[in-house]
């Protein structure tokens, strides 16, 4: 214990052997948190939904409304991450915040919701990046758009293999890469796009305030839903984010109990405010709504094309694509750490095979490879059935959101239970109105948003437009519990300490030292 840092001592106190190098500084951790939220690329890939269902006002007001509610969610997540800074993130916390009687079942459910939600998120974001690249190609080479669209899946596969390879690097290199993400994400992308759009749009062609903020901007294009429901479909843009990804690199972060929750909190605030400004500018400069989403299929790119021309829009589209690239890079890293933690606790039927780090890189290469290839499967489904692929992609938001609010709920219900006795970390909102208010708001809001996520955004409903998110999520939960009843209960009993590995290592070291001493004594006696 004397050789461990304070972070590692805290990890040992939670029952785990430190096996990562702590190379993530404060800057790298904050950059990681901003990168996983992928501000510019998230807006670019989801703008079509709020703009073409509820209208421009839905884009603007739903973003700031959702961002405000997500601040309560991010703060609540940060509070729990500060108390349990492990690679398991909210999965580990949910099991530890539950009495022993329910610990295994709760941990099993939250673990699978979190893992499958993250894998679907990696796959859908990578697929979105492939579509973003071909959108740019179709804008540049309109005569070849059909030929390029047929290759989207293979580009998706290549990109995922690249991300898997990059994630196999050591923690030091991952931290160095992450440190630069925030500057590309915010400075070189968001701020530059805002400035250029305002500079290239004539004042006479900018929309009036009533169109951007008022009732003129409520344009219901859902085909049958009422204006209220069409308006709140704009929430689908801001909610499509993995808020606890930073928690999964806690064992690689210095002063993790401070740095990780602070990074989540700062990133949620920064993303919310800058995203609102970017949405306002996009709507302000968007031109006629009837011209969107344009030939590329991306309303965001079409607005850039309208104001900056072909060359200018494609030049600035490159850093937008890089932002999406960084999202997948950080998301895959977080997912592999979650699988590593779940395997370490024997949540997978692998006898802990994926719960070990490479001795060379001190990163979980086995779980990285596993997550990479599993993330490829939903994209390959697009070759056979785009409907099936989109159904799996739809799992992301609801599965992740449910995996967030379960531990937040349990923390309030069982915090004084003798088998739990919640001990807050440095990031703590207290038991007053702020703490309770944030927890209650985020739970209520998340449940409301999960209902919104379950609606098809257009009518009439067809197999192509049906929203399978709720069906897939319920199916995952049913299958997870069925697996637990049939086999999972045999090997999974909740988070399990692996400190026995540390004791075995110490005993082995003692044996080697003892053998060395015996060898020295033998040589000395022979010499005498």
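Cβ coordinates are placed from backbone N, Cα and C, and glycine is handled just like the others.
Curation plays no part in TrEMBL annotations; they are all automatic predictions.
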- [ ] Examine the ranges 86-104, 105-123, 181-199 and name the one recorded by TrEMBL as transmembrane segment.
- [x] 181-199
- [ ] Could you tell me which of the ranges 344-362, 363-381 is annotated in TrEMBL as transmembrane segment?
- [x] 363-381
Open item on the list: Between 127-145, 203-221, I'd like to know which one TrEMBL lists as transmembrane segment.
Closed with: 127-145
Task: Contact call for the transmembrane segment (467-486) against the transmembrane segment (387-410), three or more Cβ pairs under 8 Å - done: yes
Task: Segment proximity, the transmembrane segment (309-328) to the transmembrane segment (387-410), 3 or more C-beta pairs under 8 Å - done: no
Open item on the list: Cβ under 8 Å, sequence separation of at least 6 from the ends of the transmembrane segment (363-381): give me the contacting residues as numbers and ranges.
Closed with: 20, 119-120, 122-124, 126-127, 153, 156-157, 160-161, 163-164, 167-171, 174, 332, 335-337, 339-340, 343, 353-357, 388-389, 392-393
Task: Leading stretch by Cβ pairs under 8 Å, where the reference is the transmembrane segment (58-81) and the options are 152-175, 181-199, 431-455 - done: 431-455
Open item on the list: Would you say the transmembrane segment (309-328) and the transmembrane segment (152-175) are touching, if the rule is that at least three C-beta pairs must lie under 8 angstroms and be 6 or more residues apart?
Closed with: yes
TODO: Report, as numbers and ranges, every residue of the chain located at least six residues beyond the transmembrane segment (27-46) whose Cβ falls under 8 Å of a Cβ in that stretch; write 'none' if there are none.
DONE: 125, 128-129, 131-132, 175-176, 178-183, 185-186, 189-190, 193, 236-237, 240-243, 245-246, 249, 253, 259-260, 262-264, 266-268, 270-271, 274-275, 278-279, 282, 298, 300-301, 319-321, 323-324, 326-327, 329-331, 334
